[in-house]
Amino acid sequence: MVALTLSPTKTLFLNSHLLHSTFKPHFINPYSTKTQSLHSSRFLSFNLVTCKLKSPQDIKNKDKKISKKIVLSEAAPSLAEKGGDGDGGGGGGEGNGNGEVKAKSGGNLMRLVKRFPRKVLGILSNLPLAIGEMFAVAALMALGTFIDQGEAPDFYFQKYPEDNPVLGFFTWRWVLTLGFDHMYSSPVFLGTLVLLGASLMACTYTTQIPLVKVARRWNFLDSSEAIRKQEYSDTLPRASVQDLGVLLMGAGYEVFLKGPSLYAFKGLAGRFAPIGVHLAMLLIMAGGTLSAAGSFRGSVTVPQGLNFVVGDVLGPTGFLSTPTDAFNTEVHINRFYMDYYDSGEVSQFHTDLSLFDLDGKEKMRKTISVNDPLRYGGITIYQTDWSFSALQILKDDEGPFNLAMAPLKINGEKKLFGTFLPVGDAESPNVKGISMLARDLQSIVIYDLEGKFSGVRRPGSKLPIDIDGSRIVIVDAIGSSGLDLKTDPGVPIVYAGFGALMLTTCISFLSHSRTEA
């Protein structure tokens with residue numbers, strides 16, 4: 001803050017002290033008791049007189065002429081106090097003494113009750129505590145990333161056994177007892193978030209808001225003594241407060257005049273930024289909590305041509321999860337197909353979906369793929385996986401027959417599916433047949449009754465293959481679409497919180513300064 005006062009001898013006392021403030025006062029005319037604006041164009045012509053500063057002795061002698069002393073009279077003792085000690089009032093005095101004890105006890109109790117919230121606020125607004133809470137939240141989030149979430153108890157029994165604990169102590173009991181298998185909706189994690197939110201609100205209430213209130217107080221200093229009491233002060237003989245106002249306006253200040261006094265400020269928005277940062281962090285935590293404890297999630301693998309109901313797939317993730325009318329939507333898999341690289345590897349897979357309401361009316365249709373989901377009624381459907389459902393064939397020009405394809409376990413991440421077409425008596429204990437294997441939907445490898453390689457056919461090519469007297473035609477390969485469904489009501493809140501956090505963080509770098517003269 002810079003504070004300036006014009007003395008009767010045209011000496012300008014200058015005090016500078018940087019504060020933070022948030023308000024918009026009006027302009028004040030230096031030559032009138034009414035408030036008017038100060039425009040730089042009104043003071044374009046001025047002479048700024050530069051003189052030597054007065055010595056401290058001169059200033060001290062000048063201050064002796066101004067008396068600023070305030071005398072407070074002492075209060076006379078009360079009649080009640082006298083009565084307690086007077087003659088002939090022994091009984092009454094004793095009764096009054098008990099009354100005083102009770103009144104003091106009641107007053108002490110009320111003071112304790114009033115002080116208790118202040119002590120709690122003081123503890124919560126402690127900076128080391130808030131930093132510790134942030135580290136605790138970060139540690140729990142890291143632990144939630146390390147521990148697989150949402151698995152069955154048997155998974156944790158095997159991965160964190162008691163006979164071989166991680167780090168010598170961490171077993172499945174820690175995971176299931178503390179709810180680390182659903183970390184982001186566990187009482188430990190949510191309780192830490194609540195504590196951090198309480199610390200942020202306490203800091204805002206006890207520190208940031210009072211600083212804003214102090215910064216909003218603006219008045220014109222009328223005495224040189226008040227100016228010299230500031231942290232930084234100086235004296236400019238015969239300087240003009242109007243000239244100073246024009247210089248400050250050129251430096252980006254908002255300038256106001258009232259009589260011989262001046263008030264100016266700049267960078268006002270920077271004072272509100274810490275409060276905005278705290279509110280943004282609260283928004284992010286509230287959105288994250290709502291996502292963790294109020295969402296639905298589910299996965300399903302559906303063959304081409306079949307349906308499923310959204311509500312049958314989605315399951316709640318926490319105590320805040322509430323289903324909506326969109327859960328009654330029926331999803332139909334119109335078609336599933338894949339794209340391939342030139343090398344034959346799968347590059348992308350697509351699912352043509354139709355959404356129907358309870359009356360069977362189609363509400364939406366879209367072909368989704370990886371990274372291109374469908375969104376409807378707060379529900380998002382992602383394309384995440386695929387499978388081989390069935391192989392449609394003709395045998396000796398009869399059919400078509402649908403042969404179910406079963407996944408086969410092999411080393412590595414590559415998929416392999418197989419099926420078996422019996423030849424002869426299917427009830428025989430030594431039944432034989434034709435085996436068919438596929439890695440994807442574009443080619444089928446066929447083996448004869450003895451397990452020897454017979455050839456490769458593409459579905460839909462209509463090219464027959466003769467195996468041990470049987471004529472086989474591969475008509476179509478029917479795939480299954482792997483879908484992930486979820487609702488996440490906290491996403492808009494989290495996005496809004498991060499946007500506000502970036503904005504207020506940038507604003508917080510604006511320095512606020514205030515000047516009075």
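Cβ atoms here come from the backbone N, Cα and C positions, even for glycine.
What TrEMBL records for this protein:
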COMPBIAS  86-98  compositional bias 'Gly residues'
DOMAIN    129-389  domain 'ResB-like'
REGION    79-101  region 'Disordered'
TRANSMEM  120-147  transmembrane segment
TRANSMEM  188-207  transmembrane segment
TRANSMEM  275-296  transmembrane segment
TRANSMEM  493-511  transmembrane segment
Intrachain neighbours beyond the transmembrane segment (120-147), with Cβ under 8 angstroms and 6 or more residues off its ends: 175, 180-181, 183-184, 188-189, 192-193, 195-196, 198-203, 205-207
For the transmembrane segment (493-511), distant same-chain residues with Cβ under 8 A (at least six beyond the ends): 18, 267, 269-270, 272-274, 276-277, 279-288, 290-291
Confidence summary for the domain 'ResB-like' (129-389), mean pLDDT rounded: 87
